[in-house]
Amino acid sequence: MQYMTKILLFIGIGMFVLTIGMWFACKKYHPTYGISGTGIDGLPLPVQVVELGRGWEWWPSVLWQVIWAWIAAPILLWRAWGIRDTMGWRTQTIACCISSLHAPPMFLIASYVPAFAKANAYFTPSQWIHLSIITWEIFTVFVPIYEVVRQWILSKKNVGLERVEQMSSSTLAEKGQTSVFSDECMGDRLLTKDALDHVLSKNLEALQDFAALKDFSGQNVAFLTCTASWKSSWPESPNEEQLLGTYNQALWIYTTFISPRDAEFPISSQAFKHLQSIFEKPARILCLRRGKRKSRDAIRSRLFYTPAARRWR
């Protein structure tokens, strides 16, 4: 089972047990059984409705919201604020973090401050939390859908431009003329994998300049740079020590750029499952030996263990 699946399963089970346990323990939801002193019998109906949203049974949920909204979210904001990425996750992360900050304090104020009684008749205290959830859904569901639709429209335009280019080239070729098209005429082009490999091997500095000036993740460039250096360091007839050094190099690349548990900002890879099956277990062994926070340093120290690895450095 993957690490992310384990975490989500653990959180889901915890929330389920917390909800069911609090419901059975509190007599205000079922007067016949529950912990003594938690009932609301004898109170007027409007007061009972208000009291359903108050009480100690809500404290664990509020504490959970405070931990995520006021501790985890600011840390994510600080780490993601200066990053420019092409996938849009930075904007989504910042928006979700900011939209959660108001929920816990406003829920508590609306629940326990008498001055909010009139406002609660139209906007109940729980709606402050619902408002943040709606914002999450907008930025995590509808914004990606918009991006996909926009990308699909742009790809359709590119296909149309390619067809026009092919028709114009064939027509000019029949007439014996030479066709020249400028970038302004044809718009943005999609570079092929061969062109990217050529840039990596022949003119890497230009790609780094492009990444610094355009909306292209520097993490991707660093990954491509390290991968190209690792690939170029392969010996023609490796011995056992050289194979170990090559594997250590690949392990460091995996933990630094790909691993969701070790990489600071993991990149997406279509071969993630395959890479995880090869490198995840050795990475976990090194992390356990050296400590979780120093996992990448531990792997890097092992990377330069052999002469072959030192030559790659």
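Using N, Cα and C of the backbone, Cβ positions are placed for all residues, glycine too.
Noted in TrEMBL for the protein shown:
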- 7-25: transmembrane segment (TRANSMEM)
- 62-81: transmembrane segment (TRANSMEM)
- 93-116: transmembrane segment (TRANSMEM)
- 128-149: transmembrane segment (TRANSMEM)
Between 7-25, 93-116, 128-149, who has the most Cβ pairs under 8 Å to the transmembrane segment (62-81)?
93-116
For the transmembrane segment (7-25), sequence-distant contacts whose Cβ falls under 8 Å of one of its Cβ atoms, 6 or more beyond its ends:
1, 33-35, 38, 57, 60-61
